[in-house]
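One structure below.
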Amino acid sequence: MSIAQDRGIVFKLLSIYRAAAGIFMALAQLIVIFFGYCDFKIKGYRIASYNAPTFASSFIILAVCLLLVVVLENPEVKVTNSENSLFSALKQFFRVERKKLISCLILLWSMFLSSFIMSEVVYFMPLFLTLHVNWDTKFQGIAFMVASILGVTGSYFAPKLINVGCSCGRAKDGGLEESDTTGSETVEVKKKDSLYSGQVFLSIFALFVSLLGQAFMIGASEALKHKSMPPTNSGIFFSAGMSITLLGYNFLASSIPALFSMYIDPKLKVQLMPSIGAISGIGKLVAPIVLAALYGTRLGLSIAVGFGMILVAVSIPPLIWLRKKRC
């Protein structure tokens, strides 16, 4: 199997995994919808729609953790000096040629950005739909479930969009592959280039899709603020913006890890995996802090989502550079 085919299959499998995870995340909103009907008291403490889904989710997570403790086995791990191992891996990462290092840093920033975008949607969804539109928890659950299902189509269609570009490249090189065996290496290089260009283009396209979704969210907020649209219509408009933003997020989250794997040695990537995961996780930790501070200003939601749009916009030129300056 060629390297291009192998990478294409891995990219497709990762996208399928993301699509499945997104669908289960969307279906999890059924818990929110079901427990949104709760309204009773336990020794004076009221369990209602605003806290019942949280309690239910906590107990489900606890049950899953206990199940994993019973089912999973703890494999034997070879004892190594993890500090030296991580330190040497970091030194090896930063000692690569300058252009490759810049490319890796651009992709790491894109991973951070994708998690920031996701947190932006999750943060503002309850704020806007509860405080401004006055939707009940169950209606918010329905809105987020629909937005998640529509957004997760990004993971489903990502490999198909990549395959369109790759199939065009294969059609052009088909004659060479059949007529000249010595040209197989050239064909393989062209396939890899086609796969790479397609994934970078998908990443750039994802950022533009995210910009469109964020613009919808700001538009819904401003329309409600100036009473240009009824609250229910504003809520639907805002949910449409969430769907589009999540679509861009899933496109980006499908393509960026695959691109990063092209720039880094597989063994080095395994050693740095905790650090790479931490960079993505930082986006989810930073987003609520930054967005809450901006939301507290006079412009509120508009300036907070606008800040996210600025981050997305400034990330487009580096990806364009990445497409032109492949290492």
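Every residue gets a Cβ built from N, Cα and C, even glycine.
Noted in Swiss-Prot for the protein shown:
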- 1-19: topological domain 'Cytoplasmic' (TOPO_DOM)
- 41-51: topological domain 'Extracellular' (TOPO_DOM)
- 73-104: topological domain 'Cytoplasmic' (TOPO_DOM)
- 126-141: topological domain 'Extracellular' (TOPO_DOM)
- 163-199: topological domain 'Cytoplasmic' (TOPO_DOM)
- 221-235: topological domain 'Extracellular' (TOPO_DOM)
- 257-275: topological domain 'Cytoplasmic' (TOPO_DOM)
- 297-300: topological domain 'Extracellular' (TOPO_DOM)
- 322-327: topological domain 'Cytoplasmic' (TOPO_DOM)
- 20-40: transmembrane segment (TRANSMEM)
- 52-72: transmembrane segment (TRANSMEM)
- 105-125: transmembrane segment (TRANSMEM)
- 142-162: transmembrane segment (TRANSMEM)
- 200-220: transmembrane segment (TRANSMEM)
- 236-256: transmembrane segment (TRANSMEM)
- 276-296: transmembrane segment (TRANSMEM)
- 301-321: transmembrane segment (TRANSMEM)
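When Cβ distances are compared across the two stretches, the transmembrane segment (276-296) makes contact with the transmembrane segment (105-125), since 3 or more pairs at least 6 residues apart fall below 8 angstroms.
Only sequence-distant pairs (6 or more apart) were considered; of these, fewer than three Cβ pairs between the transmembrane segment (105-125) and the transmembrane segment (20-40) are under 8 A, so the stretches are not in contact.
Taking Cβ pairs closer than 8 Å, the topological domain 'Extracellular' (221-235) reaches residues 128-129, 132-135, 143, 300-302, 305 in its own chain, all 6 or more past its ends.
Taking H, G and I as helix, E and B as strand and the rest as coil, DSSP gives the topological domain 'Extracellular' (41-51) the counts 0 helix, 5 strand, 6 coil.
Using DSSP to sort the residues of the topological domain 'Extracellular' (221-235) gives these counts of helix, strand and coil: 10 helix, 0 strand, 5 coil. Residues of the topological domain 'Extracellular' (126-141) grouped by DSSP class, helix first, strand second and coil last, total 12 helix, 0 strand, 4 coil. DSSP labels the residues of the topological domain 'Cytoplasmic' (257-275) in these numbers: 17 helix, 0 strand, 2 coil. Below 8 angstroms of C-beta separation, residues 35, 136-138 of the same chain, each at least six residues beyond the ends of the topological domain 'Extracellular' (41-51), sit close to that stretch. Confidence across the topological domain 'Extracellular' (221-235), taken as the mean pLDDT and rounded to a whole number, stands at 90.
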